[in-house]
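Asker: The structure follows.
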Amino acid sequence: MGKNFRGGRGRGGGRGGGGRGAPRSDTWNNTRTDAAVIDKHNDSFEKYYNELAIVPDNEKEEFWAALRRELPNSFRFCGSKGHALAVQQRLVDHYVPEITSVKYNGETVEPPRPVEWFPEKLAWAMTTPKNVIRKFPPFSSFQKFLVSETSVGNISRQEIVSMIPPLLMDIKPGMTVLDLCAAPGSKSAQLIEMVHRGEEARIRHVLQQIGRGDGREVTPGGIETLDKEQALNEGDWSDDGRSTGLLIANDVDYRRAQMLVHQVKRLNSPNLIVTNHDATQFPSIRIPSTGPTAKYLKFDRILADVPCSGDGTTRKNPNIWKDWIPGNGLGLYIMQVRILVRALQMLKVGGRVVYSTCSLNPVENEAVIATAIDRCGGLEKVNVIDCSKELPGLRRAPGLKQWKVMDKQGRIWSSWKDVETAMAEAESEEGFARLQEGMFPPEMADGEETIPYERCIRVYPHYQDTGGFFITVLEKRSEIKARPESAPKPKPEWKSAQRSAASSAPGSPKKRAFDEDISPTAKKVKVDEPVKEEAVETQADVKMEEEATGGPVQEAPSAATPMDGVETPVVKNEPADIPIKSEPADFPVKKKNNQMHEEPYKYLDPEHPELQRIYAFYEISPRFPRDRFMVRNATGEPVKAVYYTSTLARDILVMNEGKGMKFVQCGVKMFMKQDSQGHDICRWRIQSEGMPIIEPWVGEGRVVRLTKRPTLRKLLIEMFPKMSGEGWKKMGEIAERVRDISMGCCVLRVEPSDDEDGFQERIVLPLWRGISSLNLMLPKEERKAMLLRLYNDDSPLIDHSRGGDNNNNNNQGNAAPTPVLTPAPGSLTTQVDALIETAAAEAAGDQAEPIAPSLAADIRPGDNITAIVTEDQDIEAESRLRGEDQARRDAIHEMAPGVTDEEDVFNKTV
Ligand SMILES: C[S@@+](CC[C@H](N)C(=O)[O-])C[C@H]1O[C@@H](n2cnc3c(N)ncnc32)[C@H](O)[C@@H]1O
């Protein structure tokens, strides 16, 4: 083990250790005070679901009671499996026994419990009340553990039911995956972990094959080799074991796309691209073609976790009780269908789309599935997969076979036929607005196969003490040509006769209501724009046909039209190509609503002299590819940072540049320029997030090995311990090595052993050898989290660069005062802070917007989320992350460069 790109930043990788994008520490014992005062009744809500009988009579009471109770806290251990298990082990061995013995008011307090059906029991839930957590010391240390591991990205707070869809995607290494509605990104995080599954073991295997291993056999048994068997059996060996898969995580909302970036960036995956598009018309992505015809990316797996009314989330969002109206679900149906149809279009034959909502409403669930299958050509083309054997232990209900629809006035309709009859007789169309034929169970023609709704999955709150959720897994059986919305399915004869009678009746509605009625709800999130549906389909279909037939593809001229403040490409009825050129190629471009476009992604020549210097200094194996390093500035020169991406990500960035694709983020920062003195020192240090990727390929000349617990503890607790004079002798087992190693960045490999003072897991950390001191290049939060997890030690850090004070900001040394980093008014940071305030207000129900209320729940005011769009901002954000010490050092450097500690000079980022 040693790779930590997937959230294992406790092992040294990982920026964002400051908990950016992670829940704020105090959310771990939040109780929702608003929950107590909200009246948890809503007549229409209760009437509708009672009449639908979504649960049997004898469960109704339990069902409604569960919906009214508060939701237990739940979380998931994340990162690579081995690492996640190591962190989990700490909970099992240390905290659970402590907590289990606690009694409150004579009752034993329920400890956190693992979710039985979740693989490896990596998901946990707890109902412990806040006052108990506050009152008892065992809980406070447990809470500290949760807070610190969450802040460094080893634990992700996530609703239990929200963890289900990725688990049903059956993602295999090497697959291309698209998450169409991804923000704030909890499922994307799961998906990227899956894309990388087994990678560590595969790479270790390859290294051993080529004689570059670290001497340890990859044998089953140790935590770090758990993935081995699976890894060796699964494919994806074409890139020396590195994952060749891809996740594109997309969201239409730019603000939310930024939340998404912060959630997934800490996973340090080079196989991830974040985009900002309307999923109903997600552009086709060009990829290299070996033949004369253009080629477009198709996905093995797509997650359509669509925006929904969210009425399964009352436990988390009690405002739903007062806000629930039938129009919420009705207004979303069209968009949900469009997203699902687009997903099916972009899917490979044999691939899977997982459709999910946190709504109980069949209009947003079974009806969407039925309509999308119908529009794509029926069950011959797209089928529902039976997942009843998956996730054993998860209690679930089958999808509804029959359902009714509640209109905006609260009337409940059993069939579209009834609606049509009533519409024909009605004085006005008022009251029928938004009703659609497709919202009702389809009436099948003779001999037509019925949709196997029983394969849809409904999870109700009282089953496992969770929120409510709907999931359906669809498989594409053959190429499709989706029927446009405006071309309804041919009707059985009786229906045609009835329709013509109805439409000729005096006062009959001229148009079906939805044609002119766009949900105000949808408008709020700017997602239900009038999509030029037919055109989109035409183009997508053309592309698919071209791919299928190998026919020619014509590059379409392109245009972009702003709609309601959102730059949405309007697709004209041209023969091909959804990607539309909407940007000139100069960057960055400031857009309306403060949307920014990223700086360009420019790949470096593999023979670039700077790359050659880096390879030489770190003795990087020639097998490690050189053609995937890029910079993010218009000159294309490595000035400040060098990023690394997978091959497929590179091809996509290169081939689609300037073609209207809105890339928000891609690439792992691998090398950062260091302002350092000395001729033979490499001015590029390995950035902690890139460390897990490059570290196995770094030569012995830049590696320091460590096996004893006390040595690592010293490095974690002491910042800048002295090497000068006799100082180096205090470094224990690594003393001579660090005395002799030349200045610059190196790799600290913490190796597991069976010794009493040895480690169970492999850890890799970046280390800086300065002229007269040594320093782990880790943010303070990360140091503290590791100290707590590995040593159960929460003592303050000691900073030798400020005279050895204990870093409590009381500035006892002779150093300059610590400047406080305050973002300038109007800066990106403050703007995004404001956005996050808004998101939190949404989560607390301050807005009437019923769409996906769960979205903002994981983001709180004060979370340090910044819209990072340029290289400079990225570096600035990193400096902030590294804490006030960095700022202080920078300040000292500027104030009195000649007299301060040398480390100020040697650790300053240019
Ligand atoms: C239910 S949430 C997704 C939650 C997310 N999958 C997760 O697990 O964190 C729905 C998301 O869809 C986005 N959205 C709404 N309409 C969209 C559209 N037309 N295209 C893409 N994304 C859309 C919203 O901004 C929202 O972030």
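Cβ from N, Cα, C; glycine included.
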Asker: Which of Asp278, Asp323, Asp374 does TrEMBL put in the same S-adenosyl-L-methionine site as Cys181, Ala182, Ala183, Pro184, Gly185, Ser186, Lys187, Asp251, Asp305?
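Answerer: S-adenosyl-L-methionine site check in TrEMBL: besides Cys181, Ala182, Ala183, Pro184, Gly185, Ser186, Lys187, Asp251, Asp305, the record includes Asp278 out of Asp278, Asp323, Asp374.
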Asker: If you draw a 10 Å sphere on the Cβ of Gly185 (S-adenosyl-L-methionine binding site), how many other Cβ atoms land inside?
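Answerer: Taking all protein chains shown, Gly185 (S-adenosyl-L-methionine binding site) has 27 Cβ neighbours within 10 Å.
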Asker: Let me know the model's mean pLDDT on the domain 'SAM-dependent MTase RsmB/NOP-type' (63-477).
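Answerer: Mean pLDDT for the domain 'SAM-dependent MTase RsmB/NOP-type' (63-477): 90.
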Asker: Around Lys187 (S-adenosyl-L-methionine binding site), which residues of its chain at least 6 apart sit with Cβ under 8 Å of its Cβ?
Answerer: Ser162, Met163, Pro165, Pro166, Asp179, Leu303, Asp305
Asker: Do you know offhand how many angstrom separate Cys181 (S-adenosyl-L-methionine binding site) and Cys358 (active site, nucleophile) by C-alpha?
Answerer: 13
Asker: How far is it from Asp278 (S-adenosyl-L-methionine binding site) to Cys358 (active site, nucleophile), counting Cα to Cα, in Å?
Answerer: 20
Asker: Round to the nearest Å and give the CA-to-CA distance linking Gly185 (S-adenosyl-L-methionine binding site) with Cys358 (active site, nucleophile).
Answerer: 15
Asker: Write down the Cα-Cα distance for Cys358 (active site, nucleophile) and Ala183 (S-adenosyl-L-methionine binding site), rounded and given in Å.
Answerer: 14
Asker: Hey, what's the Cβ neighbour count for Cys358 (active site, nucleophile) at 10 Å?
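Answerer: Cβ-Cβ neighbours of Cys358 (active site, nucleophile) within 10 Å number 26.
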